[in-house]
């Protein structure tokens, strides 16, 4: 199926082929073409920086806990604080993206949270340590702007790939920091001669500076949409300035967003939990040294190099043949397998066996994250940012609840908590059975007869708004989303700007 180009001007304007919304229909990983691929690289690098900052403390905890006299409860509370701050921040970020654009929303948050990373160097008590981790964790809300930005730049046929790669490579920071921070600490402690209680403090300046640079890069080099920034598009009349109440209403009344928030809580939420506990788990249970524990922990996060992107790519691949129903089935199966592997991880008592299961588990749980955001862009066109924020926030809620229930205090051993977390994954994955798109169907039911993509997406606009032409972007998105019908819908033409939409019967 060929994608119609708007005009010869569009061919000259964009380096990548585009659809009627000017979203790229191809994903070229090694390109930095403006605006599509530049946005991709800016988004994943900035999210990577925020992940490094947020999880800079866990690999150094054996040193930090001795310096600040942290108890197991203090460490657990700080881990919870690091991921709880982003719960509401992610919903707020989604709203900000809908109203102000991902460029301004993302760069502002990254810059505002950078001081908390710098202040980690002067934390002198358990409460101060908790506070800096809490405020640093707000930066994880940039995940929402990353996914929103990719959904604004890439067409439905490659949006899963773009979301998976940007989110996965950003999450890679959770693994990279397990290697970076011990290395930086060692260089400062061994080569410069600083004491160990001074070296860990100086080490925090590295992620703080990296995060600050990424904020300025997004602001000065990024662009909100293929045709320009929100401010210019709104002034020119190409995009209307939406109202907060309408954007928010259409998000919270769409039950699919709530289901995806729950399921994401037990794929990404589990990933955040593992990032917080895994180094200390191997250090304490198997008596490995700090460096070895860091390498093992890093291997979990570093799987994001291919696992989460693989989930997004797989989502796009199955959608070509089976449409949205293929995306949903693949998400359900992969996340269920991830739950089984998590349960098994807590039951294994050998070091080699635990490492092997952890590696396979990391692939499935992270792929489920990529598969989730292969579905999210289709839940709502008008309220995409808030839906992304709700889903992303659900990931943090899942992490908070899991750590409070299973890894705070001494009620459960860490290995028991990991197994029970696997049971939770499987239970929460069952609700995917209830996701149903009337125009495409669900896991067990086909589409509702006579319902089209236009019926679904234009229902978010009132008759008065349609008369003023506010729904045009949703109309274009409806046309470009017909691929989600699967192979049977492959022959349906996609309209360009100059084409007249078909009459809906």
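Cβ atoms here come from the backbone N, Cα and C positions, even for glycine.
Bear in mind that the values here come from a model prediction, so they are computed numbers and not experimental data.
Taken from TrEMBL, the feature compositional bias 'Basic and acidic residues' covers 496-505.
Residues belonging to the domain 'Major facilitator superfamily (MFS) profile' (39-440) score a mean pLDDT of 92 in the model. Among the features that TrEMBL reports, domain 'Major facilitator superfamily (MFS) profile' is placed at 39-440.
What TrEMBL lists as region 'Disordered' is 476-505.
Residues annotated as transmembrane segment in TrEMBL: 44-63 (among others). When Cβ-Cβ distances below 8 Å are used as the criterion, the transmembrane segment (44-63) is approached by residues 70, 75, 78-79, 82, 106, 110, 113-114, 117, 120, 129, 133, 136-137, 139-140, 142-143, 146, 165-167, 169-174, 176-182, 185, 196-197, 199-200, 203-204, 207-208, 210-211, 213-215, 217-218, 275-276, 279-280, 283, 290, 293-294, 297, 301 of the same chain, each at least six residues removed from its ends.
The feature transmembrane segment is assigned by TrEMBL to 104-123 (among others).
Residues 39, 43-44, 46-47, 50-51, 53-54, 57, 74, 77-79, 81-86, 89-90, 92-94, 96-98, 102-103, 105-106, 109-110, 112-114, 116-117, 119-120, 123, 163, 166-167, 170, 211, 224, 373, 376-377, 384-385, 388-389, 392, 395-396 of the same chain lie 6 or more positions beyond the ends of the transmembrane segment (130-149) yet place their CB under 8 Å from a CB of it. TrEMBL lists 130-149 (among others) with the feature transmembrane segment.
Residues or ranges marked as transmembrane segment by TrEMBL: 169-188 (among others).
Taking Cβ pairs closer than 8 Å, the transmembrane segment (200-221) reaches residues 38, 42-43, 45-46, 49-50, 52-53, 56, 60, 63-64, 67, 103-104, 106-108, 110-111, 113-114, 117-118, 120-122, 139, 177, 180-181, 184-185, 188, 194 in its own chain, all 6 or more past its ends. Among the features that TrEMBL reports, transmembrane segment is placed at 200-221 (among others).
The transmembrane segment annotation in TrEMBL covers 255-274 (among others).
Per TrEMBL, the feature transmembrane segment maps to 286-306 (among others).
Look at TrEMBL and you will find 326-345 (among others) tagged as transmembrane segment. Remote same-chain residues near the transmembrane segment (326-345) are listed as 160, 263, 266-267, 270, 311, 314-315, 318-319, 354, 357-358, 360-361, 364-365, 367-368, 371-372, 374-375, 418-419, 421-426, 429, 432-433, 435, 442-443, 484, 486 (criterion: CB distance under 8 Å, separation of at least six residues from the stretch ends).
Same-chain residues lying 6 or more positions outside the transmembrane segment (357-379) and placing a CB less than 8 Å from one of its CB atoms are 147, 151, 156, 159-160, 163-164, 167-168, 171, 254, 256-257, 260, 263-264, 267-268, 270-271, 274, 278, 296, 299-301, 303-304, 307-316, 319, 324, 327-328, 330-331, 334-335, 337-338, 341-342, 344-345, 348, 387-388, 391, 395, 425, 435, 437, 481, 484. For 357-379 (among others), the entry in TrEMBL reads transmembrane segment.
If you look up TrEMBL, you'll see 385-406 (among others) marked as transmembrane segment.
Away from its own ends, the transmembrane segment (418-437) comes close to residues 255-256, 259-260, 262-263, 265-267, 270, 273, 281, 324, 328, 331-332, 335-336, 338-347, 365, 375, 378, 398, 402, 405-406, 412, 443-445, 447, 456, 484 of its chain (Cβ-Cβ under 8 Å, at least six residues beyond either end). Annotation comment: TrEMBL describes 418-437 (among others) as transmembrane segment.
Here the transmembrane segment (385-406) does not lie next to the transmembrane segment (169-188) in space: the count of CB pairs under 8 Å, restricted to residues six or more apart, is fewer than 3. Within its own chain, the transmembrane segment (255-274) has Cβ neighbours under 8 Å at 83, 171, 174, 300-301, 331, 335, 338-339, 342, 362, 365-366, 368-369, 372, 375-376, 379-380, 386-387, 390-403, 407, 421, 424-425, 428-429, 431-432, 434-435, 437, counting only residues six or more beyond its boundaries.
When Cβ-Cβ distances below 8 Å are used as the criterion, the transmembrane segment (169-188) is approached by residues 43-44, 46-52, 54-56, 58-60, 63, 142-143, 146, 194, 196, 198-200, 202-203, 206-207, 271-272, 275, 279, 290-291, 294-295, 297-305, 308-309, 366, 369 of the same chain, each at least six residues removed from its ends.
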